[in-house]
Amino acid sequence: MSLAFNLRVIPFSGHTIQSRRGLFPVHESPMITTKPFAAVKCSLTTSTDLMGKIKEKFNGKVHTSLPAITTHSADTPSNLCIIDTLQRLGVDRYFQSEIDSILDDTYRLWQLKKEDIFSDITTHAMAFRLLRVKGYQVSSEELAPYADQEHVNLQEIDVPTVIELYRAAQERVTEEDSTLKKLYVWTSTFLKQQLLTDAIPDKKLHEQVDYYLKNYHGILDRMGVRRSLDLYDVGHYKTLKAADGFSNLCNEDFLAFARQDFNISQAQHQKELQQLQRWYSDCRLDTLKFGRDVVRVSNFLTSAMSGDPELSDVRLAFAKHIVLVTRIDDFFDHGGSKEESYKILELVKEWKEKPAGEYGSEEVEILFTAVYNTVNELAEMAHIEQGRSVKDLLIKLWVEILSMFKIELDTWSDDTALTLDEYLSSSWVSIGCRICILISMQFLGVKLTDEMLLSEECTDLCRHVSMVDRLLNDVQTFEKERKENTGNSVSLLLAAHKDERAINEEEAITKAKDLAEYNRRKLMQIVYKTGTIFPRKCKDMFLKVCRIGCYLYSSGDEFTTPQQMMEDMKSLVYEPLTIHPPEANNVVGKKTELCQQLVKPYVCHTFCKKYTVSRPSNVMMTCYID
């Protein structure tokens, strides 16, 4: 098997993307500059040594003359490490077919209990995690020998090995899985103790352990990539049999490529923020005097979901709906009167613009026309993507969520007593996950039929992810909503036990978190299951949104009062990764050799110097170096 890049051309518009001094002053963020990026358009094939090394490491020894089940891969540990590294550095999308082939081979070896996998703890744990996440049927019982700490010789393993066991334990999809439950308990305890006693001398490894322990299921994809790039260290895999060969692959060239890929995505996210801000202003949402302005927050969250430049429309549709849902939710809560809130629902049901005087108030006009124009625009775009009209679906989703807002408004204003089930029956919709996902999914490159969108699977995916986000949100907003007499799941849990054994707030919060965890595992079961109605590409969106909920509400309300998010926003959207001169030279230094291969007119901008050259047919990516 050979590994080859298959990258798309990402045209560079030449627009300058500048920092926002008002939000992130230059003196506080030295990496941010008001100068435009120095554009580097180069062929990734210029780093020929790197390509050769990657191909060599992925070139499994497959004997095609023998039955498939006897396929032997002598380099399975290295292959798995490469896959893990590609994923952690955010460039795995370029190698997906090769990764799939290697995991197929790994699964065959797993079924045969081959020594390549089972003789090494790190390889064993990594194989389990990668295979389970991909949907292969692998039993956690195979990790039973490591489930109890007393059965593991800690003198013979190191912290990276325990990290791999810890990550494997996080893939528990059922409450009954005692093996992974016990594995999680001792590995998390061990790693926490290592941090407390400063027993990890390697600073990068210490920070990586701390990052995993803080909020593992709240690690957003692109934030995880940024952290991995900052803490990248090939020594993480030094215990493996193939460590020497692997370390030769993971050199500065490879890291430079991953950093450039990150900076390309970051430039795209900045462009999307500008588009989002123009849309916000065009909709006059910036003139509203109430509620939360979450434009930057929505841009950050959608950027953290995916860095693929091709998915710009997905991110923008999602971000716009985060903004719209938040603005209208705030209007229903405290920005407008009951009659004005009802009016918005009536207007959406009618779906017709009216003269300004018929809206009743300027706020109602602004909110309705923002929804009306945005949905109509997205419906036209989605018609092209899907090959059919989806406007009725989009309107239906808006009627649904506004109807839930109305139910909640009536309930709390009339002081109606609710059970927890009654509350959750509407609040899982009003959290907004369903409408944001199903509308943005129209631009994912997958044809979505009515059968798919109306299926029980779709409902279950939406409900489980929404329940996670709703319950975790309730835990963090419980005190505020109790003062406002609006109530949430925590207050309802407290009320439900008044006539039984009374529970305190801490116990009620624990119950709410347990229910959120139950729904998270249910979501994982559907996402990891193969042969379902939705392709994995679609189901992954639900998992990404679940991580957003875990990120936002793990220790506070980061959505309403962002604190950690502000630091993360700087590193993801504003601060480019440094491409050190030696690394840059490794990637773009062979421009002369490249220019000799030219076949089509092209302009190569290298460190602000322009060379009019031709473009070889295999140049598929634009790299920006700051």
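Glycine too: its Cβ is placed from the backbone N, Cα and C atoms.
The C-beta environment of D329 (Mg(2+) 1 binding site), restricted to residues of the same chain at least 6 apart in sequence and closer than 8 Å, consists of F405, S430, G432. When secondary structure is read from DSSP and collapsed to three states, D329 (Mg(2+) 1 binding site) falls in the helix class. According to Swiss-Prot, the feature Mg(2+) 1 binding site maps to D329, D333.
Cβ environment of D333 (Mg(2+) 1 binding site): L409, T486 lie under 8 Å away, each six or more residues apart in the same chain. The Mg(2+) 2 binding site annotation in Swiss-Prot covers D329, D333 and is backed by similarity to another entry.
Secondary structure at N473 (Mg(2+) 3 binding site), taken from DSSP and collapsed to helix, strand or coil, is helix. The Mg(2+) 3 binding site feature in Swiss-Prot is assigned to N473, E481.
Here the motif 'DDXXD motif' (329-333) has long-range neighbours at 290-292, 340-341, 344, 363, 367, 405-406, 408-409, 430, 432, 486, meaning same-chain residues at least 6 beyond its ends whose C-beta is under 8 angstroms from one of its own. What Swiss-Prot records for 329-333 is motif 'DDXXD motif'.
Sequence annotations record features per position, and here Swiss-Prot assigns transit peptide to 1-51.
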Ordered by sequence, the long-range same-chain Cβ contacts of N473 (Mg(2+) 3 binding site) under 8 Å (at least 6 apart) are I431, N488, G549, L552, Y553, D557, F559
Would you mind listing, in sequence order, the residues at least six apart from E481 (Mg(2+) 3 binding site) in the same chain with a Cβ closer than 8 Å to its Cβ? D474, G487, N488, S491
